[in-house]
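Taken from TrEMBL, the feature domain 'G-protein coupled receptors family 2 profile 2' covers 1-236. Summarising the annotation, TrEMBL assigns transmembrane segment to 25-48, 60-80, 101-117, 137-165, 185-206, 212-234.
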Amino acid sequence: MIGLSLVILTFFLFRKWRKSLGNKILFNFSLALFCVTGCFLCAGLVTFDHRVCKATAASMHYFLLASFAWMVVEGIYQYLQYVLVVGAQNYKSCFMRRASPLAWGLPVLPVLGIFIYDPDLYAIGDEFCWLELEAFYFTVLIPISIMLMFNIFIFIGVLKSVFCIQMRIDLRTSQSVKTRSWYQFRMAICIFFLLGLTWIFGFVSIGDARLVFAYLFCIFNSLQGFAIFAFFVLRERNARKLWFEFARMCSDTKIINSGKTPPNSRSSDYVLKPMSRY
């Protein structure tokens, strides 16, 4: 949750950083993932209260579907960035106006359907608040499977496009094979986490190898928030520069409040100059 919190904080702190379409999508995805993680942590603590338990289970259900919906939005955005390219700008101009209502609105339908059909399907277990098994299959497993399959195809298409572009660049430059391979590997890992493909390990946790895949699922999913922060904020030069400038400004403000004169003080030193990620 710390990584997701820092992504959300970055979005709110730096106005120009949040103007980027890619960063807007990243914020919404991080917010949904942060909320589902928070609900998950609370679900084992509120079993003593029937109403609170149902509300927590319903909230976790909603935010889980919303986080996958935003993963699909991320997938579509990556497709526009790396595969479609030509003509992508026409779609980007109204992308968020169309994506936001769908990604935040459609997950309401399964939750609303359960409350209309039978609210008791949000079961109160001895240790956890969640869905009855049959409702879980139809309102969680099937929608998530469809969205995950969609993102797998997007992942393959984006990587294929990136590799082809990189090969064309290599023909015109003296870039080494090692450098190219490292770039491609980093890109693959980045998109793998961004599109939520870590959930594949959960789906293949069956048979003799289920314990291994269950461990992989837990490890990679717990790292998803930090990976998003590391790839899109920590390793992103402009975002990193913003944080350095912000830290320096806070430090200089403390010095001024203490009555001292900061070194090399000029009025321009205290003005943040954010730059967008894309």
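Glycine residues also receive a Cβ, built from the backbone N, Cα and C atoms like all the rest.
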Folded-back contacts onto the transmembrane segment (60-80), same chain, C-beta under 8 angstroms, at least six residues removed = 21-22, 25-26, 28-29, 32-33, 35-36, 39-40, 43, 88, 91-92, 95, 99, 102-104, 106-108, 110-111, 114, 122, 129-131, 139-140, 143-144, 147-148, 150-151, 154-155, 157-158, 191, 194-196
For the domain 'G-protein coupled receptors family 2 profile 2' (1-236), the averaged pLDDT of the predicted model is 87
